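As given in Swiss-Prot:
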- Asp135: active site, proton donor (ACT_SITE)
- Glu136: active site, proton acceptor (ACT_SITE)
- Tyr160: active site, proton acceptor (ACT_SITE)
- 12-13, 33-36, 59-60, 81-85, Thr100, 160-164, Asn190: NAD(+) binding site (BINDING)
- Ser85, Thr134, Asn189, 199-200, 215-217, Arg224, Asn259, 293-297: substrate binding site (BINDING)
Amino acid sequence: MMNILVTGGSGFIGSALIRYIINHTQDFVINIDKLTYAANQSALREVENNPRYVFEKVDICDLNVIENIFEKYQPDAVMHLAAESHVDRSISGAADFVQTNIVGTYTLLEVAKNYWHTLDEAKKTTFRFHHISTDEVYGDLSLSEPAFTEQSPYHPSSPYSASKAASNHLVQAWHRTYGLPVIITNSSNNYGAYQHAEKLIPLMISNAVMGKPLPIYGDGQQIRDWLFVEDHVQASYLVLTKGRVGENYNIGGNCEKTNLEVVKRICQLLEELAPSKPNHIKYYEDLMTFVKDRPGHDVRYSLDCSKIHAELGWQPQITFEQGLRQTVKWYLFNSSSS
């Protein structure tokens, strides 16, 4: 049994991770979260009274408070997810991204390093700092280029991805310089229950059922690799417990889709699952509206995940069709929880 400190555990991926740990292991979870607009405590309702779960409202940039958390709970591992993550918000206001994603990661690393030095040799050996990051640090690909591997250079395009690339570099530096036992994972686009409504899939679902336009950037031909959040958190825990210290692992769904394909499939599922439409709309696809493209919009993301497949035997279990159907159903019946 481990004491696992999860940062950003009230967010979309963090809450899914905590639910997975509580439901599938005997580990104790300390969730620290600042509770920004993207947090959703209802995503943790099923575990909030579990004796192996505790929540602390904390800003990861507050060094003294973070030190107290480490002292109080004596974590065996850190799973660092706390981050500002919406690309559009980073374009209109980058300061929060620099502060949380870079300064916050630095603060955690410093506290973790100092704490790690106080541990006995056995606990030092088993301690892990797992930094959960994004495929966007690699930049984008043309349609003909091979997928990104863990050796691909970083070439971020947005303030968001630049801040995550910087945080990855900090984590690697604390390993190289101080010996802190770290692991980094870079995942592709996640989707599933409890995702904030600003993201593509929940935005399209909520707009469609309200009869609002479905805004699609540019021509909608941007390609993303889609990963069901439950698959992601299972892989993340596997990397924490079985991955090699100092290594990076890509976690993807092996499922490349254009944004237009995704939106059209959502509309098709809604025709089946929510046939009663608002505002005398004939077809959900009639709501699709092409809008001015995002500045510096990446063309394609694709991850080569052969490393995690070969070393840890992990493969995604949920197909995009299964996951998207499950997600659409969830939003239709839980609109107040998203």
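Yeah, the Cβs are placed from backbone N, Cα and C, and that goes for glycine too.
Of all the Cβ atoms in the protein chains shown, 20 others lie within 10 Å of the Cβ of Leu200 (substrate binding site). Counting in whole angstrom, Asp59 (NAD(+) binding site) lies 27 from Leu200 (substrate binding site) by their C-alpha atoms. A straight line from the CA of Tyr160 (active site, proton acceptor) to the CA of Phe12 (NAD(+) binding site) spans 17 Å. Rounded to a whole number, the distance between the Cα atoms of Phe12 (NAD(+) binding site) and Arg224 (substrate binding site) is 18 Å. Lys34 (NAD(+) binding site) sits 23 Å from Asn189 (substrate binding site), taking the C-alpha atoms as the reference points. Using a 10 Å Cβ-Cβ cutoff, Asp293 (substrate binding site) registers 13 neighbours.
Across the binding-site residues listed here (Ser161, Asn189), the residue whose Cβ sits among the most other Cβ atoms within 10 Å is Ser161.
DSSP assigns Asn189 (substrate binding site) to a strand in the three-state reduction. Taking the binding-site residues Ala82, Ile216 in turn and counting surrounding C-beta atoms within 10 angstroms, the largest count is reached at Ala82.
Annotation note: Asp59 (NAD(+) binding site) sits in a coil segment as assigned by DSSP. The binding-site residues listed here (Phe12, Ala82, Asn189, Leu200, Pro295, His297) include Asn189 as those with a Cα within 10 A of the Cα of Asp135 (active site, proton donor). In the three-state DSSP assignment, the secondary structure recorded for Ile216 (substrate binding site) is strand.
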